[in-house]
Amino acid sequence: MLSANAKVKVQNFGRFLSNMVMPNIGAFIAWGFITALFIPTGWLPNETLAKLVGPMITYLLPLLIGYSGGKLIAGERGAVVGAIATAGVIVGTDIPMFLGAMIAGPTGGWAIKRFDKWADGKIKSGFEMLVNNFSSGIIGMILAILFFWLIGPAVKALSTMLAAGVDILVKAHLLPLTSIFVEPAKILFLNNAINHGIFSPLGIQQSQEFGQSIFFLIEANPGPGLGVLLAYIIFGKGTAKQTAGGATIIHFFGGIHEIYFPYVLMNPRLLLAVIAGGVSGVFTLVLFNAGLVAPASPGSIIAVLLMTPQNAIVGVLASVAIAATVSFVIASFFLKIQKEENGHSLEKMQAASKAMKSGVQFNTPARYQGVQKIFVACDAGMGSSAMGASMLRKKVKEAGLAIEVTNCAINDLPEDAQLVITHQDLTLRAKKHTPNAMHFSLNNFLDAHFYDNLVQDLSNTKVADLAKVSTLEPQEAPQTAFVLTEKQVFLGLKAANKEEAIRFAGERLVESGFVLPSYVDAMFEREKMVSTYLGEGIAVPHGTIEAKDAVLKTGVVVCQYPEGVKFNEDEEDSIAKLVIGIAAKNNEHLQVVSAITNALDNEDAIRILSETDDVEKVLALLKA
């Protein structure tokens, strides 16, 4: 059995692969449709439009994967360097390089991230843009050349090895076991050497002698891929589940097997499903003594049936059906396990949070030795985490601890972070950025009991000289006070649902000149990730971190809903009476955030903010 730490690493690796592939699944679907329609054996053959097929699978798709991989490691700079490195992989070989892209992209991101860390603080003022551009260009060039020279020989060696393995099994009359080599080779686009070097010559010879050949269907059987896609349709989640239906049509009826490759690449355990499906399919063909009279191209069920002799129809259909069934069962098992693992992780986080609330210390005080800084992180580092950090900072100050408490976006967490607090739905993502930090999960950033217990543990550890009372404010403390005016306060509102409330807050931010109209859409995108309801009747809708370019200047609008607005359908007590729309350029809005968290200590203040019809009272409380 894998240890808990090993399981987390496997899960994180799987999520990383998925995050490289899934943003680009639309491009795979587009390529699949173009291929199925316009190639010579497609539904609408078109010589001109068919020219799109080769460049898209050779260049576009690997570049997109490399770009996404680099971006996951080091943002936009990592994406650019990752794409440059991937170009070296593409040119270094004559087959589509998905696997190479999944290596080159993150490598490019890692390289530029290491350089940026080394260069931090060493660049003279005024030379930042010059150094940034040239560093990414030079590092990208070096990696592209390196991958160009390395990838060709590596691919050739791997292809030769797979072909040799198949040849040994064929000569030993162990045909079903050839799928152990064939299915992984298909996923990596290394099947040409097997097809053209072994299966085609043997298939032609056997077909001339017996009128059919099993070798024509070992690689072309659509069953294994069909099983995986059906498993995603039923047990998948997110974009993978939503797109699997269209991919199934392209794969099974269009014969474009490449369309299911990304679904396996992002979850490598599914290789076992397609291998088992392939083995069972070939075994069925041997059992029924079935085969095709000629190669089926493309490998759709229609082309397969057209190449099937009358006496082999039952065997071929049984082969496809059994291969699909076996692949489906095994893929479903792995996808269900993945869901359960994620669910168990969430349950553990929730249990930990409840333990904190009840006063149970689930981390020994010794673990806090040396902690000097605490990060409260959320997706954008703007609203939710700012509130939590403000509340925790106040408690740390009252305890006399010399510990800095700051909020930030998860993507901005430093590698050397010691202690990180996130919403339970974002903890796994935070762990990817800072795997060596202590991570705490909560489901309410305004959970005072959580912070009380944490501060108590920190105090017991004596992490700092208690004689030195120092509450460190965020490094980017505002230079000028943020001004909240009566034009930014809206009282006595009503909304049928949270969407209305969020849109109202967003439109007021636009009207006040704080943001561009596109920021409103980003507020809805942020809400889809994790609810911005904080608890205590307060919600702080704001945009995603990608939407910061749409922020013209820092602004806050306070919207009061005396009758309340339900923010989480599955939580009865998630009724927000204060909906505070936030757009932050820097940290000027923290003044209002701090005032709100201070008001939480006073039940009368929260009641007044939620019910008063006097704007001046609201301003007085939030300016306190």
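Along the chain as shown, the residues are counted starting at 1.
Glycine is no exception: its Cβ is also placed from the backbone N, Cα and C atoms.
According to Swiss-Prot, the feature active site, phosphocysteine intermediate maps to CYS378, an assignment based on similarity to another entry. In this structure, CYS378 (active site, phosphocysteine intermediate) is part of a beta strand by DSSP.
In the three-state DSSP classification, HIS542 (active site, tele-phosphohistidine intermediate) falls within a strand. Marked as active site, tele-phosphohistidine intermediate by Swiss-Prot on the basis of similarity to another entry: HIS542.
If you average pLDDT over the domain 'PTS EIIC type-2' (13-336) in this model, you get 87. The annotation domain 'PTS EIIC type-2' is assigned in Swiss-Prot to 13-336 on the grounds of sequence analysis.
The domain 'PTS EIIB type-2' feature in Swiss-Prot is assigned to 372-463; the stated evidence is sequence analysis.
Sequence annotations record features per position, and here Swiss-Prot assigns domain 'PTS EIIA type-2' to 482-624.
Positions annotated as phosphocysteine by Swiss-Prot: CYS378.
Here Swiss-Prot flags HIS542 as phosphohistidine, drawing on similarity to another entry.
As annotated by Swiss-Prot, transmembrane segment applies to 25-46 (among others).
Feature annotation from Swiss-Prot assigns transmembrane segment to 51-71 (among others). Outside the transmembrane segment (51-71) by six or more residues, the chain places 19-21, 23-24, 27-28, 30-31, 34-35, 38-39, 78-83, 85-87, 89-90, 96-98, 100-102, 104-106, 108-109, 112, 258 with a CB less than 8 A from a CB of the stretch.
With a cut-off of 8 Å between Cβ atoms, the residues of this chain six or more beyond the transmembrane segment (135-156) that come close are 77, 80-81, 83-89, 91-93, 95, 97, 100, 104, 107-108, 111-112, 115-116, 119, 190. Taken from Swiss-Prot, the feature transmembrane segment applies to 135-156 (among others), supported by similarity to another entry.
Look at Swiss-Prot and you will find 166-186 (among others) tagged as transmembrane segment. Within its own chain, the transmembrane segment (166-186) has Cβ neighbours under 8 Å at 159, 194, 198, 202, 214, 218-219, 224, 257, 261, 271, 274-275, 277-283, 286, counting only residues six or more beyond its boundaries.
Remote same-chain partners of the transmembrane segment (274-293), defined as residues 6 or more beyond its termini with a Cβ less than 8 Å from a stretch Cβ, comprise 175-180, 182-184, 186-187, 206-207, 211-218, 220-221, 223-225, 227-228, 264, 304, 307-309, 312, 314-316, 318-320, 322-324, 326-328, 330. What Swiss-Prot lists as transmembrane segment is 274-293 (among others).
Within its own chain, the transmembrane segment (314-335) is flanked in space by residues 217, 221-228, 230-232, 234-236, 267, 269-270, 272-274, 276-278, 280-282, 284-285, 287-292, 301, 304-305, 308, which lie at least six positions past its ends and keep a Cβ under 8 Å from the stretch. The annotation transmembrane segment is assigned in Swiss-Prot to 314-335 (among others).
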>> Can you break down the domain 'PTS EIIB type-2' (372-463) into helix, strand and coil residue counts using DSSP?
In response: 39 helix, 22 strand, 31 coil
> Could you tell me the C-alpha distance between HIS542 (active site, tele-phosphohistidine intermediate) and CYS378 (active site, phosphocysteine intermediate) in angstrom, no decimals?
Replying inline: 11
> Around HIS542 (active site, tele-phosphohistidine intermediate), how many other CB atoms lie within 10 A of its CB?
Replying inline: 33
